[in-house]
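All remarks here apply to the structure that follows.
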């Protein structure tokens with residue numbers, strides 16, 4: 001089992017211990033270590049206060065000092081070091097009104113969300129598992145630490161995180177945990193949509209997404225999310241992992257809607273991808289010739305095209321017409337892309353200025369149309385991408 005990331009962080013824990021404090025690995029890295037999965041981020045918990053951590057290490061960043069978290073920079077890596085803490089009453093089902101620093105590991109672990117995430121480990125790889133997290137991991141069960149209703153009342157996002165973990169790990173959800181989710185799911189309306197979107201993005205890429213997505217529907221989670229609340233999400237089916245952006249595009253195409261995406265507070269890149277997914281899905285059923293395929297591959301992001309093609313079963317499950325597989329498939333997409341004479345308009349050897357000078361014409365609506373005609377002619381092989389050849393073609397084929 002790969003311990004390299006733990007070993008890279010070991011000097012931090014040892015330095016904290018050398019100064020008379022406790023320090024442990026904690027959270028997802030320990031869970032994944034117990035499961036034999038690849039480890040990514042290392043989180044450290046300690047009895048030292050943020051001020052004490054800052055006095056021990058020369059290079060620190062107070063990313064969340066008021067909540068007990070200090071980033072320690074070691075060997076050009078950032079390590080999140082958080083003081084043992086007990087959280088005060090939560091407000092709005094999403095954040096504690098304050099935190100109290102404590103010196104006891106048990107008290108820190110009992111505030112965490114799920115038993116599998118409430119295991120600590122020392123530098124000798126000894127596990128501190130007060131809530132039977134290893135047993136739940138072995139039984140492939142997601143269970144809250146303590147009373148589920150209390151954990152979800154503290155932070156409603158834990159319910160979406162639970163479904164995300166189910167999707168990623170293919171675990172079952174403990175009965176009492178699931179029943180608390182059924183009772184309290186409406187509380188996610190108090191959450192920021194940004195936090196929900198982060199979890200949904202991971203959930204949609206999980207290997208067990210079909211089950212988790214069906215739980216989102218049965219628990220009526222979508223009823224309490226901006227954008228989705230206006231839609232009958234029970235009509236949407238997800239049978240395999242897809243991007244969240246593709247899901248939103250599928251919803252738009254299936255219901256033939258053009259709702260504003262602003263309530264989801266997505267990045268400009270995400271919005272651009274969603275709009276292009278919609279255009280691709282609408283264009284796919286109309287491609288029957290190699291010439292049409294060339295224009296299609298030229299016009300759209302081939303990575304997004306491939307994502308849609310890989311998700312063909314999801315489109316079918318939502319009654320969205322797919323592509324003609326003999327003309328449009330992963331191989332023909334790659335071959336067509338490879339042989340395109342140019343990949344965007346910037347590659348074209350003429351521009352609007354050249355055209356206006358050649359035709360002795362002023363700018364107007366005609367210019368955009370002619371540039372598009374030239375693009376298509378080059379992409380489909382009717383004219384080579386050379387200025388003299390293009391202008392000859394314009395003289396013979398274009399009227400303004």
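The chain as shown is numbered from 1 upward.
Any Cβ shown, glycine's included, is placed from N, Cα and C.
According to Swiss-Prot, 28, 31, 155, 158, 161, 164 bind CTP; the candidate from 85, 103, 112 that the record adds to this site is 112. Counting every protein chain shown, 16 other Cβ atoms lie within 10 Å of the Cβ of residue 28 (ATP binding site). Cα spacing between residue 41 (Mg(2+) binding site) and residue 161 (ATP binding site): 17 Å, rounded to the nearest whole number.
Binding of CTP is attributed in the record to 28, 31, 112, 155, 158, 161, 164, and the widest Cα separation among these residues amounts to 21 Å.
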